[in-house]
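The annotation ATP binding site is assigned in Swiss-Prot to GLY10, ALA11, GLY12, LYS13, GLY14, THR15, ARG127, LEU199. What Swiss-Prot records for THR31, ARG36, GLY57, LEU58, VAL59, GLY85, PHE86, PRO87, ARG88, GLN92, ARG160, ARG171 is AMP binding site, and it gives sequence analysis as the kind of evidence. Feature annotation from Swiss-Prot assigns Zn(2+) binding site to CYS130, CYS133, CYS150, CYS153; the stated evidence is sequence analysis. Annotation comment: Swiss-Prot describes 30-59 as region 'NMP'. If you look up Swiss-Prot, you'll see 126-163 marked as region 'LID'.
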Amino acid sequence: MNVILFGPPGAGKGTQAQYVVERFGIPQISTGDMLRAAVKNCTPLGLKAKEIMDAGGLVSDEIVLGIVADRLSCEDCGTGFVLDGFPRTIPQAEALIEILACLGKQTDHVISLEVSNDEITRRLSGRRTCPSCGKGFHVLFAPPRKAGVCDFCGADLVQRGDDHPESICNRLSVYEKQTSPLKAFYAQKGLLRAVDGSLPVEQIQLQIRKVLEGCSSDCA
């Protein structure tokens, strides 16, 4: 079962990807993790990527696609995988089709977690982090006992720069520009399934299970 998972920042994509991993026994694969692993393991492509990143450049599609191809050919992907954060462009999506074809595979499901911009802003703008011990809080969903103060070490909590409303708006705009063409691409192929990401976690998981297992509406 080969799955691609889309979702804007704050949609809970990581949580749902982990659910797919645990339920179906397939690895979660992200381009960030793949790049870091390739660099750490000093693979030929990893060394090229490190040289570019150290110089402050953007890693080319050629290198990224090579790393993706290497990762998808690993033994643990034999029964499937869930791709997180890839592809990001139509050329990458087209190249992924070729990579999978060379491995005798194809994309089986493309899931898009749909959450309104207002809800995303509410989720992200409420996040707070302790700069001392690293613990995370949320002003609405997991508030500290004393406002603005870490429960564990007493340090003042901070808000990440990219969790400010202006930054969130920019991130959502970038996401929309990236994924709208991809959604159309996969919808045309009959692979795209939208899942309501504003529901409680368990209900989102049930929707994803229905998609991946082909369950009817009464699947429990």
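Note: Cβ is positioned from N, Cα and C throughout, glycine not excepted.
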By a Cβ-Cβ criterion of under 8 Å, what residues six or more beyond either terminus of the region 'LID' (126-163) are in contact with it?
171
In the structure shown, which of the binding-site residues ALA11, CYS130, CYS133, CYS150 has the fewest Cβ neighbours within 10 Å?
CYS133
Whole-number mean of pLDDT values that fall within the region 'NMP' (30-59):
87
Here's one to test understanding: among the binding-site residues GLY14, THR15, CYS130, CYS150, CYS153, whose C-alpha is closest in space to the C-alpha of GLY57 (AMP binding site)?
GLY14
Measuring C-alpha to C-alpha, could you say which of the binding-site residues GLY10, GLY12, THR15, CYS130, CYS133, CYS153 are within 10 Å of VAL59 (AMP binding site)?
none
What does DSSP call THR15 (ATP binding site) in the simple three-state scheme?
helix
CYS130, CYS133, CYS150, CYS153 excluded, remaining Cβ within 8 Å of their centroid (Zn(2+))
PRO131, SER132, GLY134, LYS135, ASP151, PHE152, GLY154, ALA155, LEU157
Long-range neighbours only, meaning 6 or more apart in sequence with Cβ under 8 Å: which ones does GLY14 (ATP binding site) have?
ASP84
Reduce the DSSP letter at THR31 (AMP binding site) to three states and note it down.
helix
Integer Cα-Cα distance in angstrom, LEU199 (ATP binding site) to ARG88 (AMP binding site)
25
Is it possible to get the count of other C-beta atoms within 10 angstroms of the C-beta of CYS153 (Zn(2+) binding site)?
12
Reduced to three states, what secondary structure does DSSP give ARG127 (ATP binding site)?
strand
Cα-Cα distance linking GLY10 (ATP binding site) and PHE86 (AMP binding site), given in Å to the nearest integer
17
